[in-house]
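Copied from Swiss-Prot, the annotated features are:
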| type | residues | note |
| --- | --- | --- |
| BINDING | His83, His182 | heme b b562 binding site |
| BINDING | His97, His196 | heme b b566 binding site |
| BINDING | His201 | ubiquinone binding site |
| TRANSMEM | 33-53 | transmembrane segment |
| TRANSMEM | 77-98 | transmembrane segment |
| TRANSMEM | 113-133 | transmembrane segment |
| TRANSMEM | 178-198 | transmembrane segment |
| TRANSMEM | 226-246 | transmembrane segment |
| TRANSMEM | 288-308 | transmembrane segment |
| TRANSMEM | 320-340 | transmembrane segment |
| TRANSMEM | 347-367 | transmembrane segment |
Amino acid sequence: MTNIRKTHPLLKIINSSFVDLPAPSSLSTWWNFGSLLGVCLAVQILTGLFLAMHYTSDTATAFNSVTHICRDVNYGWLIRYLHAIGASMFFICLYLHVGRGLYYGSYTYSETWNVGIILLFAVMATAFMGYVLPWGQMSFWGATVITNLLSAIPYIGTDLVQWIWGGFSVDKATLTRFFAFHFLLPFIVAALVIVHLLFLHETGSNNPTGIPSDSDMIPFHPYYTIKDILGFLIMLTALSGLVLFSPDLLGDPDNYTPANPSITPPHIKPEWYFLFAYAILRSIPNKLGGVLALVMSILILAVIPMLHTSKQRSMMFRPLSQCLFWLLMAVLLTLTWIGGQPVEHPFIIIGQTASMLYFLIILVLMPITSLTENYLLKW
């Protein structure tokens, strides 16, 4: 008698995706982040569902409803901080996952990579709208500043902004629609994750060497299930540590003040995971130019497969490209730091230099370095 997991219409799909899936034997810890992102998404949907049971999306009561969750709901403080810090964990895993793809050349699976970029945009949109919901000072002013950027679009910009706001300023209509979209988007993300996996399983996983591994495959279960569970434990320990010991470490103190349209905070800034893009936006004095640079800072990922000039897929055996990759990481960390600083000397020039380097490394230096390595290896 054949095993039910191999014959049942539903179970055999799960079996071929998570149990009997042939996987390269050399996958390192950098391949753990896909499953960690799945756990993050599950945690966010669950905690978000419980928060939505108590939250009210009205400008008069939104801030108080969040306070009520933290003070009066059983373990409401725990659910709220798991959700807030869970978002930070989500982005840490997301950026490491994308970084892994860049380093090991996973972007050559173009369908998987492109769905991944759409996923990144969807998660960023979800996080932005979620940050508006507590209706604190930074929520309100963050929403005002970021949505107002769309007014830089020629001809339709102003109408578009008013359409998104549902009026002439960020108000009740804006908060209500942001809550509706913030609730809906994670389920769209979950559907896109299935598409992402579907495309990945068409080709099979990449591996650290970038060399086809068809001759050396092992079953996903038990080898990588055990490895993934270890990853879950480490991440959930870090999440619990932050939630229980320093829940406000990654937040902004201004968000403990109710939204007030007549008082502008001294430094308007988004959550830490958007600071690199915010720094690129601020480094260009022109509004439309800044918006284009902001969008391109993420959309540039779609161009990377076309700029792959190396004869090797992975950077594992390419020391010059490795140096450039880590320089790019240093530039991104610098941008993240600059995004949280006030707009004054010397932060302005540092931000502009780092922004220029970011695009220069990806668009010019990496392809040239790859060609140089080909030449040095006489390929």
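Sequential numbering from 1, following the chain as shown.
Quick reminder: no glycine exception, Cβ is built from N, Cα and C everywhere.
What Swiss-Prot annotates, mapped onto the structure for a quick look.
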residue : record                   : Cβ neighbours (10 Å)
His83   : heme b b562 binding site : 21
His97   : heme b b566 binding site : 20
His182  : heme b b562 binding site : 21
His196  : heme b b566 binding site : 21
His201  : ubiquinone binding site  : 13
Sort out the residues at least 6 away from either end of the transmembrane segment (33-53), same chain, that have Cβ-Cβ distances under 8 Å to it, and list them.
69, 79-80, 82-83, 86-87, 89-90, 93-94, 96-97, 100, 182-183, 186-187, 189-190, 193, 228, 231-232, 235-236, 239
Using a Cβ cut-off under 8 Å, which residues of the same chain at least 6 positions beyond either end of the transmembrane segment (77-98) come close to it?
30, 33-34, 36-37, 40-41, 43-44, 47-48, 50-51, 66, 69-71, 116, 120, 123, 127, 130, 235, 238-239, 242-243, 247, 250-251, 271-273, 301
Region pair the transmembrane segment (113-133) / the transmembrane segment (288-308), three or more CB pairs under 8 Å:
yes
Rounded to a whole number, how many Å is the Cα of His83 (heme b b562 binding site) away from the Cα of His97 (heme b b566 binding site)?
20
Fill in the CA-CA distance, the residue listed as 'ubiquinone binding site' to His182 (heme b b562 binding site), as an integer in Å.
29
May I ask for the residues of the chain that lie six or more residues beyond the transmembrane segment (320-340) and have a Cβ under 8 Å from a Cβ within it?
99, 102-103, 269-270, 272, 274-280, 282, 310, 347, 350-351, 354-355, 357-358, 361-362, 365-366, 369-370, 372-373
Which whole-number value in Å describes the distance between the Cα atoms of His182 (heme b b562 binding site) and His196 (heme b b566 binding site)?
21
Outside the transmembrane segment (288-308), six or more residues from its ends: residues with CB under 8 Å to it:
98, 102, 105, 107-108, 110, 113-114, 117, 120-121, 124, 149-150, 152-154, 276-278, 280-282, 355, 358-359, 362-363, 366-367, 370
